């Protein structure tokens, strides 16, 4: 027969290949697929593979001009999800050539760009990605990473402490700087712009940057410790964002901040490159993540967004708190926390890790625990997150009955007490409350905090 057979075709003929051996250079994806009633899982998995790589809905004659076998995504394994009706994990392998080097943007446009609106799928969620070393090596990754940050700040052997300045909107720049100074002076390492503090009429960015820099230098001089404030450089255009980063560098401050999901991966990667070139640390806030990751059966799991951030670049990223949540959440959270920090992570389905990931010396990212935590949580946080983390107490600092500086003192004393107890071999999980009670005898600020937030 001449030419090709026209017409709509079954995807699974071409894109479902259960005997495929994955290559070390393939990007692997694990999708949670919920097919429409009557659609077989193989067809659904093959549709995902096709639409996120080379496929289109009908046979086209230009297929003959390329080697589909070389460029197509392949659904190579499907397994039913235990305890769920009509839900499957579909594993898809993508050849590396489908992706532009060093572009998280292109990676996501390809893998999740189009396929989530498919008629044959009731819902679709990207659970995990395996980034091959060949692709990882095309990214710069975090501007500095955990070890370099410790060296820059001269802080070792303990988690770092932060605080988001509240009320987040409405303070003038001078009063904002004053709150920053009080927290840093009291003993915190960092204070933070709220994610929605950009440059509003009541506080323009340049004024805020100046007063915060003044607060940093004054607190440093008085405490002899290196201090920082996450100056939010997020802006309406990339040019404006870089302008703010340049001003921060000129002020000589150690760290700036970006909202990477609302700002976008392209902007974030540009900013990360600027930060490495100019010695700035980069704090990343994940505003908008729940829009993408909250639904259990549709969207994208946060561990994928976390991996993407490590490629795109950031030195800190918000990662939830675990404290007071369900036990299962804890394992899953620790799974992606390790994905952020470690060089090599073994596949472990109980922690939600679908693939073994080798980061080949890409620097690590510090996870930031923040949201509704206070001094009584300190033992649990120290135990769960370990030294390589940032613990952020917004209300847990500024809500102290005696003011911001005593609130900062309370958190620092709590942290030092927990680290000391841990180093002496005590069990923070079991003796946490006891450790807190003992230490509060030596610090009136700490005792007052314990009283306010006792459970």
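Cβ from N, Cα, C; glycine included.
The N6,N6,N6-trimethyllysine annotation in Swiss-Prot covers 5.
Sequence annotations record features per position, and here Swiss-Prot assigns substrate binding site to 114, 164, 168, 286, 318, 370 based on sequence analysis. Take the CB of residue 370 (substrate binding site) and look out to 10 A: across all protein chains shown you find 21 other CB atoms.
According to Swiss-Prot, the feature active site, proton acceptor maps to 166 (among others), an assignment based on sequence analysis. Proximity of residue 166 (active site, proton acceptor) to non-local residues of its own chain (separation of 6 or more, Cβ distance below 8 Å) is seen for 194, 394, 395, 398, given in sequence order.
The N6-carboxylysine annotation in Swiss-Prot covers 192, and the record cites sequence analysis as its basis. Reduced to three states, the DSSP call for residue 192 (N6-carboxylysine) is strand. Its Cβ placed at the centre, residue 192 (N6-carboxylysine) has 29 other Cβ atoms within 10 Å.
Taken from Swiss-Prot, the feature Mg(2+) binding site applies to 192, 194, 195.
The active site, proton acceptor annotation in Swiss-Prot covers 285 (among others). The number of other CB atoms found within 10 A of the CB of residue 285 (active site, proton acceptor), across every protein chain shown, is 28. Under the DSSP three-state reduction, residue 285 (active site, proton acceptor) is assigned to strand.
The site 'Transition state stabilizer' annotation in Swiss-Prot covers 325 and rests on sequence analysis.
Taking Cβ-Cβ distances under 8 Å and a sequence separation of 6 or more, the neighbours of residue 195 (Mg(2+) binding site) in its chain are 232, 234, 259, 285, 287. Applying an 8 A CB threshold to same-chain residues 6+ apart, the list for residue 168 (substrate binding site) reads 194, 196, 197. For the pair formed by residue 114 (substrate binding site) and residue 192 (N6-carboxylysine), distance between Cα atoms is given as 36 Å, rounded to the nearest Å. Cα of residue 370 (substrate binding site) to Cα of residue 192 (N6-carboxylysine): a distance of 11 Å. In the structure as shown, the Cβ atom of residue 286 (substrate binding site) sits within 10 Å of 23 other Cβ atoms. Residue annotation for substrate gives 114, 164, 168, 286, 318, 370. The furthest Cα pair among them is separated by 37 Å.
The Cβ of residue 164 (substrate binding site) has 191, 192, 193, 194, 370, 392, 394 as same-chain neighbours under 8 Å, each 6 or more residues away in sequence.
The number of other CB atoms found within 10 A of the CB of residue 194 (Mg(2+) binding site), across every protein chain shown, is 18.
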